[in-house]
Each structure stands twice: as C-alpha cells, then as structure tokens.
Amino acid sequence: MQGGKKAGESIKETATNIGASAKAGMEKTKATVQEKAERMTARDPVQKELATQKKEAKMNQAELDKQAARQHNTAAKQSATTAGHMGHGHHTTGTGTGTATYSTTGEYGQPMGAHQTSAMPGHGTGQPTGHVTEGVVGSHPIGTNRGPGGTATAHNTRAGGKPNDYGYGTGGT
C-alpha cells in the first residue's frame with residue numbers, strides 16, 4: 001500500500017512540476033514579446049535598454065517562481081509520504097526544534113520567532129521582519145538584497161498562488 005502511495009505522490013509531483021515549467025515558459029515568452037514591442041516603439045537607446053532589463057527581470061522571476069514551485073511540490077510529496085509511515089498514537093508537534101534542512105533565520109541571520117507559519121510540521125517557524133502592510137509587496141532592485149553569507153535573495157510574490165494555478169494547491173477537489 002505504501003509503495004502505491006509513494007508512486008502516486010511522485011506522479012502528482014511530476015505533473016505539478018511540468019505545469020510549473022510550462023507556466024514559467026509562458027511567462028518568459030510573454031516577457032520576450034513585450035520587450036520586442038517596447039524596443040520597436042522606443043526611440044531612445046535608454047528606453048530600449050530599460051525594456052531589455054525589464055525582460056531579464058521578468059525571466060528571472062519566472063525561473064525563481066518555477067524553482068519555488070518545485071521545492072513546494074517536493075516538500076508536499078515528502079510530507080504526504082512521511083505521514084503514511086506514522087503509526088497510531090504518533091504525531092508531530094511542529095515545535096520547530098530539531099535539525100532543519102532549510103533556513104530558520106531571517107534576513108542577515110536574525111531569528112524569525114517561534115510562531116509556526118505553516119500548517120505542515122517542519123515548514124518554517126518565522127514571522128516577517130520589519131513593518132508589514134497586508135497585500136503590499138516591497139520593491140528591491142535585483143541583486144541588491146543580500147542575505148546571509150552575501151548571497152542574493154529573492155522574494156516570491158506568488159507564494160501561495162491562486163487556487164487554480166499550476167503548481168499550487170493540494171490536488172484535491
């Protein structure tokens with residue numbers, strides 16, 4: 001029975017990954033077409049360069065969204081298959097303690113707090129840092145937001161997504 005569940009979760013993960021890749025491909029194509037249109041109508045070389053930069057930013061965001069969806073799909077598969085291995089009387093608490101395979105610190109290595117932000121055990125325990133306005137996403141020039149270790153970090157503006165978009169949701173009805 002467990003083998004069938006694992007196979008089903010793998011198929012589901014593969015299907016949602018294909019959907020995420022297709023969506024990213026469409027976003028990249030849209031960015032390229034929009035860039036070409038803007039370059040054709042622009043007379044100033046600066047405007048043409050700006051159109052190219054906008055295209056590259058959109059393409060990078062599409063790739064980041066695809067990678068985030070893949071990570072989400074992998075985590076969902078692991079969560080579903082792990083839940084099947086638990087016997088009666090066992091449960092997870094979601095306390096956030098133990099070994100983490102993901103970052104448990106906020107920007108620049110600051111702890112993010114002890115509030116669980118996901119219903120799935122082991123999926124982060126952080127809160128946003130700084131002032132947060134509901135429904136507003138901050139804007140940062142690409143490559144200037146440096147995270148721990150000097151690596152560039154990205155913000156997935158589509159986290160959670162729309163229920164009917166590819167790569168998101170539980171797969172149920």
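Glycine too: its Cβ is placed from the backbone N, Cα and C atoms.
Per Swiss-Prot, region 'Disordered' is recorded for 1-173.
Residues or ranges marked as compositional bias 'Basic and acidic residues' in Swiss-Prot: 1-12 (among others). Each residue in the compositional bias 'Basic and acidic residues' (1-12) gets a DSSP state, and the totals come to 11 helix, 0 strand, 1 coil.
Residues or ranges marked as compositional bias 'Basic and acidic residues' by Swiss-Prot: 25-68 (among others).
Residues or ranges marked as compositional bias 'Polar residues' in Swiss-Prot: 70-79.
Summarising the annotation, Swiss-Prot assigns compositional bias 'Low complexity' to 92-106.
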Secondary structure tally of the compositional bias 'Basic and acidic residues' (25-68) (DSSP, helix then strand then coil):
41 helix, 0 strand, 3 coil
